[in-house]
Amino acid sequence: MDDDKLEVSQQETRAVEAVPHDRMLVEHSPMNWPWLRKHLILLQCAFHAAGPGFTSALLIPATVPLAEKFGITPQKASYLTAVHVLFLGVAPFLWNPLMSAFGRRPVLVVTMLLSCVAALGGGFAQSYGTLMTARVFQSIGISSGLVVSGAVVVDIFTKEERGRKNGIWTQMVSLGAPVGGIVGGPVVYYIGWRWVMWLIAICNGLQFLAYLFTCPETSYAHRQLSGLGKYRFSELFILPKKMPGRLGVRSFIEPILLLQSPHVTLVAFAYGVTFAITSPGISVIVPLATGQFYNFSAVAQGLFFIGPLVGVLLGELIAGPASDWLMYRERGRAASTGRDVRLEARLVAGLPGYSLAPLGVIIFGVTLENHCPWIAPCIGFALSNFGLQLVTTPLKTYCMDCYPSHSGSVLQLINAIRQIISFTVPFWSPNLGEKVGYGLGFGIEAILMAFFYACSLLVFWKGGYWRRAVKVKGLVDMD
């Protein structure tokens, strides 16, 4: 193939990525790959998406043992989780532009290797500072799963399929924390906290090998740039090429530019606050409160996370299909009347979560304060995460539908808002509970959630207007 055919101009790249459906007409487009290959890639990305929450929560049952080991308070030991959560939000500002410049595959491979090596070293840490450093670099590596997964879904699935497919990996994001808590408890109790880090290294090492030998590049533009047509195993050993003009300052700040879109910003904050309070917000309380009120061991504390695990699983059984059905109905109505499709119709699927998530938070706090049987706060934990998942899938998919050619940046904005808010929770939520009681404390947090929900309801009314009228300054190649 001639060199001029191998080179893809920025203009051609923008045209390709701005109109996803046109790629269905291209013979070797990733959208036309066999069903099995596409879903194996989705499965790998889904497990990667679970990694950030899993590796954060895995160390939570070790809070007290780590405090004793390093001679610090349990509150300070919990910062090993808080700082990990912070870098999950910050690091993708690096991975997102690198993904845009070099493609999905190089970022997936390199970041998984980084996470593996950092976790391996953390298992040998002899001081709090060393373990904190390992947690930071492991967080930086595993964080790519929060932005690459959504971009891959846009690469290989049509808009009609994305609700369910996004539901798979977003469900794994929510599942990561409860599964990490369940697994971490027995690991800490029976073989020690060091094996928490080594378990992370083993899991990441296996996924690194899976990416290296089974996950091809999914970006159509980058496949064109590298002259890749029909998929061949040999392409896994071809070094990536850099897309021209994709590593400027603008590419690193593109997610921040999207804050100019009120419809995306309001929805992102509604989701971010929900996640922060229902997942890490409750999780950091579990080892402190259940140990005090119920004398739970590390194993019992881990098993307490079965509640939110069930809640997330049940939530996605409803959220993904409901989200896609609402859009299917909306497209039919739009076609019959000759009007534009209202993307905001998808958000209706999240409305039940606006009630159930804060209700679960209140139940958790009130029953914990009144020393009810442990199953009561566990049910509250489960209900809050059921509501979380009802909110997660439609809200994330809506934001990506608004800017499909900037799906990575959209996800990074959502991720940054969620993780930065989540980072603050361990610093104020336990203190709030101690000062005013868990009942009132979590009641205040539920009111905070309700405030952001009320703000996001403006999107139902003004979302269509904002999508048409608001131009994001500095955003290149906007739909």
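Note that Cβ sites are derived from N, Cα and C of the backbone, with glycine treated the same way.
What TrEMBL says about this protein:
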type	residues	note
DOMAIN	41-464	domain 'Major facilitator superfamily (MFS) profile'
TRANSMEM	40-64	transmembrane segment
TRANSMEM	76-95	transmembrane segment
TRANSMEM	107-125	transmembrane segment
TRANSMEM	137-157	transmembrane segment
TRANSMEM	169-189	transmembrane segment
TRANSMEM	195-214	transmembrane segment
TRANSMEM	266-290	transmembrane segment
TRANSMEM	302-326	transmembrane segment
TRANSMEM	347-368	transmembrane segment
TRANSMEM	374-398	transmembrane segment
TRANSMEM	410-428	transmembrane segment
TRANSMEM	440-461	transmembrane segment
Selection from 107-125, 137-157, 169-189, 195-214, 410-428, the stretch that has most Cβ pairs under 8 A to the transmembrane segment (302-326): 169-189
Selected stretch (most C-beta pairs under 8 A with the transmembrane segment (76-95)) from 107-125, 137-157, 169-189, 440-461: 137-157
For the transmembrane segment (374-398), distant same-chain residues with Cβ under 8 A (at least six beyond the ends): 150, 162-163, 166-167, 170-171, 173-174, 178, 267-268, 270-271, 274-275, 277-279, 282, 286, 289-290, 294, 296, 304-312, 314-316, 318-320, 322-323, 326, 343-344, 346-350, 352-368, 411, 414
Maximum Cβ pairs under 8 Å to the transmembrane segment (40-64) - stretch from the list 137-157, 195-214, 266-290, 347-368: 137-157
Listed stretch, out of 107-125, 137-157, 169-189, 410-428, 440-461, that has the most CB pairs under 8 angstroms to the transmembrane segment (266-290): 410-428
For the domain 'Major facilitator superfamily (MFS) profile' (41-464), the mean pLDDT of the predicted model: 89
Ranked first among 107-125, 137-157, 195-214, 440-461 for CB pairs under 8 angstroms with the transmembrane segment (410-428): 137-157
